[in-house]
Structure formats: structure tokens, C-alpha cells
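> Have a look at this one before I ask anything.
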Amino acid sequence: MIQIFLRVKKAQPSSDASNKYGFLTVLNDYEILLESPEDSHAYRVSKSKTLEKASFTKVFPPSCTQLDVFSTICAPLIADSLVNMNDTLLFTLGVSGAGKTYTLFGPSDRPGVAFLALDALFYAIKGREASPQTVEFLRSQLEKCKIVEASKFLRGEAPLDIKVPNTEYYASHFPKIEEKNYQYAIYLSFAEIYNDRIFDLLEKASFFGHRHALSLKKSSTSDKKSIAGIQKVFVSNTTEAYKLIQKVLQLRKSTSTKSNSVSSRSHLIMSIELFKVCTKSNKFESCQIDLVDLAGSERTRSAETSGLLLREGASINRSLLTLGQCLEALRRKHEGKQHIIPFRQSKLTELLFHSGHLSGLAGINMLVNIDPFGSFDENAQVMRYSANAREILPPPLNENSGSQSPSHSLLQKSKNTSSTKALTSHLEQLQQENQQLRMLLADADSEMMNLEYEIRQQMTREMEERVSEVERTFLTKLLEESAQGIEYTDQKLEKMGGWMKKLQDENSEKTETIAQLEQIIEELHEELRSLEEESIKESSATQQNENQHKRSSRKLLYEDKQAIQEAHTINTKRKLWPQSTLIQAPNSDDEENVPSPSPKKKVVSPIKPLSPSRRPPLTSLYSGTTDIDINEL
């Protein structure tokens, strides 16, 4: 059973009415009216304003808070899972920038549904949290899953200050678990559907930022399909859960487009798995709460995307179109008509249907987000998607509606008639006409869906051709730039070749100059060697001359000494013997004939006089001699 809710993005009301926001008018708590503006495609086609009325289980105006949304659409799902252990699903639908991610997650001061749901779960199981032994028991039982601790991913993560409601609020909305023989464990997993491939957001990406794509596999105990190999993280408190969600939001693929500054490029599926374990028998049961943040549909013209972003947008639109077709087929099946549900055309619908959500095995709430000041055509298309599930909606929450069906009006008017049989006949006729009109409307809807599908296929082909043309233009431009780069490189190489030749010529000249200088140096070395040899020879000759001069000096000294001794002897004789005696007795036989000393000849030495520095000192020449009085000589 699907319930559809509508949330209007925060905006200021128009000046003419307090309940009118752009092209949207909130009629009451469950109905809105869309009025096409003049710049819309619908206005240009019809050449006048078009009015579209849509009904929902509940309409949230822009003034509603995050807690209001949680209390209405998510709190009943959480309570059902806690009490009855039923699987539940909440997914958002809307154009890019309509506020889907804000509703599910939100900032820390206005936390979204995901944070409030976890806070409510931990409040309900407070005092009944799983012990370490229970956690190990579950790990052993869930062998096919990758069970990891939250601390593996939260090293170095800063704590988050999430503003959550007080305990009085939870006490009034959720039952407190009082069963003493049961313990509860909460596991979180995060899957991303990007370009129709499933990835685990908690898997560590490679060096190039790639992750391993996962597949869907059937469970051994049921026909449900689950994501094989995805990591399930055990969280023991809200702090770990909040940090884990914050880390995942940073890893999710997003970019900036013209229509949305932070546009999600993938569908995010956050799974909260609640395990209930009996401590006595070790039996356990589980339920799964899935929160799905669908990427927003966008038009290429308004988003101005190209290349990779264009392919991402086309993949998102294809998966959303398949989801709309599945909802339409589910509506027809609910009416008793045999219709094939094309859920295998997209990984998103295959996961939602095979997990038991859209097949009627779980409670489903769908939240449609609308931007009243955005594109009318895109938001109207989202309204048509949500209309596919109207036939399986429960009655609106507000039963005091001002509008009544024609059959009801007829019954009111026929109270005063007395013919009950005629009234019954007329009522059967109206029911037949109503059935025929329903069949005609269903056929018209089918034709419109087929026409829309053909138009979208044609637009897709045209867009692919446009993308191919853009790629060809880009490749042509790239080749031209490459050719210019090659030409520029050739010119540079040619200039470098000229410079190299010039440098080689200069190098040759310098090499010759170096050879000449080396030859001159060699000649100088030869001259230096010859000069050294001459110097050695001159030094040897000088040494010989010095030696000869020393010998001559010693000889002269010896002769001078002999002369001095002879002079001293003569002087002594003169003192002892007078000169007359010496003169008178020349012929005496008794006396010795002493000849007079002949004058000493001056010996001229052929040796050059020594320089003062080389002349021996007089003390060395006259050492050992007797002092002689020159006057006496």
C-alpha cells in the first residue's frame, strides 16, 4: 500500500494569496492546483493557462518543519517495524533542487528524517541494546554479509552536534521496548546506483576513484533479492550512526549544475536493518527500513549539462521513467488487469521490487518534493509520475472534504423519491458508465504513456546524436590543436637545431683554441725544463767556484799566517839582537847567517772576489792565531 505525500519547498507566498506560491496553490491539506505560467511549454502549446489538480495523502506547506514531516510519514513506519518487524520504505521524488536530500538528511540544526529515525530507534531499544556476545552471534549467522564495526570507518571523524527532539516527543510517538528476553542490534548499509550500476559507498575507492560494481542475488530463504557483498556496519549508538551518515554524504557523487548548486548524480539507498534476538533460544528475526533519496529529474536545456553530466542525467531520467511505468503497471494490476511490470529495465526498480517493497510485501510512503518557483513543466511531469499510484492510495487523512462524487449527489437528491428500484437501476447505469469511462481513461493513459515513451526515445536519440556531434566537434578541435602544437614543436625544434649548430661551431673554434693553448703550454713546459737544467748547471758551477774560492782563501790565509809568523820572528830577533850586531857579524862563523826577508809579492788570485754574503768571516780565517800588533809590523 503506497501513500503519497507532497512537500512544498520553502518559499515566500505570492502577494495576492497566502496559500499561493508561484505556479502552485495549496487548496487544503491534501490537494494542490498547478497553473501554467506564460513562459512554460504547456502554456505555449495550449496558448492559454492550463490548470492541473493533484491530490495527496497529506500536503506539507513551506512553513512545515522537519519534525512535522518525520512525525507524519516516517514515525508510523518506524513504529510498525519495531512492533511487527515489518519491512518499510520511504523514498523521495522530485526535480533537481526541490529539497529531497534536505528532507532526508538536512543540516545539523534541522536534521532530516534519517537522523530522527535513528534517534527514535535507539530511544525505543534503550536498555535492550545487543551485547558483544549477541553481536558475535549475529556475525556468525550472517556469513554471506560483510559485517564490520563502525570504528573502521570513523577514525579521525569529528563529532556531530545534531539537534534532536526531547524524550517526551519520542515517548508519545514510539513504544518503549520492555521485553527482557530480547536484545536489538542496528546495522547500516549504504548503496549508490550510478549510471544504472550498484556500488557500496563504504567500499574504499581505488587510486583512480573507482569502486567495484555489485550485483543483486536472491536470498536462500525467500524470493527477495539483496545486494551481494555490501558491507553492513554495526552501530552501537547514535553518535556512530550520525558520523557514518556524514561520511557517506561526503562520498556520494554530486556536482553543480545551472538548476542546482549541489546536484546528486546518483540514487542513494540507506538501509537500516533491525535485528531482534532472543537471548534464551538464540533465535532472531529482522526487518529492514529503507530510506531512498532518488536523484532529481532534470532537462538538459535548463541544467545546461554536457559530456559526462549529460550521460548521468540521461541515466537518471531513464531510471525514473522506468519507475513511473512500474507504478502505472502496479496501479493497473491493483484494478484486476493483467499487466507486466517492467522492473528489470532498471537496477533501481529491480532492487525496489525484488526487495519486497513495491510488490506489496512492505509499507511504502512516497514523498514528492516540488519547487513552486522552478520549472513548471518539470514539476508537472513529477506530478504525473506520482499520479500513477493514485489508484492504490488509501483515503485521504482529512475525510471532511468539500467535494462529493456524482453518485453520492444523486443519492442525496433521490432521498425524497419513493422508487428505490428506479434509483438502483439508475445507479447501476452510472456505475457501468463510470466503468466504461475508466476503461477509456486507462486506454488513453496507456496511449499517452506509449506516446510519451516514443517521444522520450526520440529525444534520447536526438540527444545522443547531439552528444556525438559535440564529441566530433571536440575531437576535431582537439586534432587541430594537436596539429598546431606539433607545428609549434617543429618550429621550436628547428630553432633549437640552429642553436645547436651554432654552439657546435663555437665549440669547434674553442676546441682549436684549446689545442693551440695546450701546445703553447707544452712549449712553455719545455722551456721551463731547459731553464731548470741550466739553473742546475749554473748552481753546480757556482758551487765549484765557491769551493775553489774557499780553497784559495784558506791558502791565502795560510800564506798570510806564515808571513805574519816570519815577521814576528824577525821582530823578535831585532829586539834580542841589535841591528848593528846583526850588520857587523854577517861573516861570523859562530853566528847564524840570517838573510833579510825579501818583500812579499802580491799574489793575484784568478778567482772572482766573493760577495759579502758569501765571504767567510774574519774570525773563521784568523781563528787560532796570535793577536798581532799592526803598528809593530
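Yeah, the Cβs are placed from backbone N, Cα and C, and that goes for glycine too.
Heads up, here are the entries from Swiss-Prot:
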- G94, V95, S96, G97, A98, G99, K100, T101: ATP binding site (BINDING)
- 417-541: coiled coil (COILED)
- 398-423: compositional bias 'Polar residues' (COMPBIAS)
- 578-587: compositional bias 'Polar residues' (COMPBIAS)
- 604-623: compositional bias 'Low complexity' (COMPBIAS)
- 624-633: compositional bias 'Polar residues' (COMPBIAS)
- 1-392: domain 'Kinesin motor' (DOMAIN)
- S605: phosphoserine (MOD_RES)
- S611: phosphoserine (MOD_RES)
- S613: phosphoserine (MOD_RES)
- 393-423: region 'Disordered' (REGION)
- 531-556: region 'Disordered' (REGION)
- 575-633: region 'Disordered' (REGION)
> Looking only at Cβ atoms, how many others are within 10 Å of the one on G94 (ATP binding site)?
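For G94 (ATP binding site), the 10 Å Cβ neighbour count is 28.
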> Which three-state DSSP class does V95 (ATP binding site) fall into?
strand
> According to DSSP, how is the region 'Disordered' (531-556) divided among helix, strand and coil residues?
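The counts are 26 helix, 0 strand, 0 coil.
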> Write out the long-range same-chain contacts of G99 (ATP binding site), meaning residues 6 or more apart in sequence whose Cβ is under 8 Å from its Cβ.
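When sequence neighbours closer than 6 are ignored, G99 (ATP binding site) has R7, K9, K10, N369, D371 within Cβ distance under 8 Å.
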> Note down the number of other Cβ atoms within 10 Å of the Cβ of V95 (ATP binding site), including every protein chain shown.
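Excluding its own Cβ, V95 (ATP binding site) sees 27 Cβ atoms within 10 Å.
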> What does DSSP call T101 (ATP binding site) in the simple three-state scheme?
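For T101 (ATP binding site) - judged by DSSP and reduced to three states - the answer is helix.
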> Can you tell which of A98, T101 has the least company, meaning the fewest other C-beta atoms within 10 angstroms of its C-beta, among these binding-site residues?
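Comparing Cβ neighbours within 10 Å for the binding-site residues A98, T101, T101 has the fewest.
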> If you average per-residue pLDDT over the coiled coil (417-541), what number do you get?
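Average per-residue pLDDT within the coiled coil (417-541): 83.
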> Mind giving me a neighbour count for K100 (ATP binding site)? Other Cβ atoms within 10 Å of its Cβ, every protein chain shown.
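A count of 27.
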